[in-house]
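According to Swiss-Prot, the protein carries these features:
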- Asp9, Ser10, Tyr41, Gly42, Asn73, Thr74, Thr184, His185: substrate binding site (BINDING)
- Cys72: active site, proton donor/acceptor (ACT_SITE)
- Cys183: active site, proton donor/acceptor (ACT_SITE)
Amino acid sequence: MKQAIGFIDSGVGGLTVVREVLKQLPHEQVYYLGDTARCPYGPRDKEEVAKFTWEMTNFLVDRGIKMLVIACNTATAAALYDIREKLDIPVIGVIQPGSRAALKATKNNKIGVLGTIGTVESMAYPTALKGLNRRVEVDSLACPKFVSVVESGEYKSAIAKKVVAESLLPLKSTKIDTVILGCTHYPLLKPIIENFMGDGVSVINSGEETASEVSALLDYHNLLDATDEEIEHRFFTTGSTQIFKDIAKDWLNMPDMIVEHIKLGK
């Protein structure tokens, strides 16, 4: 029987990481939990985010996952190291992979980070980036409206273009040549963000680098699945199954996917 890779996020954003993982590892089975009922996590305090992250983690661990991907930057900043220390399966977040990808891309060591309020206030990206390259200069910008635009399914709309333009205006006057999408919801806005920032700026989706690290970690622990056993992906949400499904089936190209509603916490 296949063991799944578990993915957790505050909503649908982590599906951007799932998509990259399934591109690289098509034989793997995915269990995904999006806590859309309590989304967004960005404005919440660290202790509350850590509590929610543990609730999601325990739900998937109880279902026998072989690895956990915290596919949410805010949750990674709040709880990655505690969860990694206490679980006996491999655990990975999205901040270190995103930082490594940005440092590969930048030519002038000036990097912008777009994130939730929680991620920006945590200083997780500047810490990770400067830990890898002390010369790097980091401009962080909280974009709290982006998550609601994505969760409402408006990420291709004129509203999205307006919100992106208004939110990113402060970055246009900087000399950054690379921008990290420091929230897994943001890659759904990547075409609009790229268009606004212009050709001279590389826009980094940490999902690709995270997928590569998932593959390497599974290989290291001898957990890669190359069998042709039937794959049964499972998707769980604490919010509306229909809204989740509408976004997920489009993003993952899974028209027949089934989404299960669950409750977490009290």
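Glycine is no exception: its Cβ is also placed from the backbone N, Cα and C atoms.
Owing to the predicted nature of the structure, the values given are computational and were not obtained by experimental measurement.
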Rounded distance in angstrom between the Cα atoms of Thr74 (substrate binding site) and Cys183 (active site, proton donor/acceptor): 7
Rounded Cα separation (Å) that holds between Cys72 (active site, proton donor/acceptor) and Asp9 (substrate binding site): 5
Extra residues within 8 Å (Cβ to Cβ centroid of Asp9, Ser10, Tyr41, Gly42, Asn73, Thr74, Thr184, His185), substrate: Gly11, Gly13, Gly14, Cys39, Pro40, Cys72, Ala75, Thr116, Thr119, Val147, Cys183
Secondary structure of Asp9 (substrate binding site) (DSSP, helix/strand/coil): strand
For Thr74 (substrate binding site), the number of other Cβ atoms found within 10 Å of its own Cβ: 33
Residues satisfying Cβ distance under 8 Å from Cys183 (active site, proton donor/acceptor), sequence separation of at least 6: Gly13, Gly42, Cys72, Asn73, Thr74, Leu114, Gly115, Thr116, Thr119, Cys143, Phe146, Val147
DSSP-derived class (H/G/I helix, E/B strand, else coil) of Gly42 (substrate binding site): coil
Neighbour tally for Asp9 (substrate binding site), based on other Cβ positions within 10 Å of its Cβ: 31
